[in-house]
Amino acid sequence: MKKGIHPELKKAKIVCACGAVYETLSTKEYMTVEICSKCHPFFTGQRKFVDTEGRVERFTKKYNWEIK
């Protein structure tokens with residue numbers, strides 16, 4: 001590797017919306033994430049309800065579809 005062209009790595013603190021905190025190396029010192037392995041449905045085995053009604057309504061209005 002060439003010297004002097006790579007960004008400096010620092011200890012990074014990553015905080016999830018569920019409250020989980022992770023430490024790793026990164027060029028940034030602090031990051032926030034919305035979902036992690038402690039709260040993601042794939043890893044927890046639970047399903048979470050995601051409100052997508054606004055997106056569906058926008059789609060049906062855009063393409064003039066009727067919901068049956």
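Glycine is treated like the rest: Cβ placed from N, Cα and C.
Annotated features, as they stand in Swiss-Prot:
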type	residues	note
BINDING	Cys16, Cys18, Cys36, Cys39	Zn(2+) binding site
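In sequence order, Ala17, Gly19, Ala20, Val33, Glu34, Ile35, Ser37, Lys38, His40 are the same-chain residues whose CB sits within 8 A of the CB centroid of Cys16, Cys18, Cys36, Cys39, the residues recorded for Zn(2+) being left out.
Around Cys39 (Zn(2+) binding site), the same-chain residues six or more apart in sequence whose CB sits under 8 Å from its CB are Cys16, Ala17, Cys18, Ala20, listed in sequence order. Annotation for the binding-site residues Cys16, Cys18, Cys36: lowest Cβ count within 10 Å of the residue's own Cβ, Cys18.
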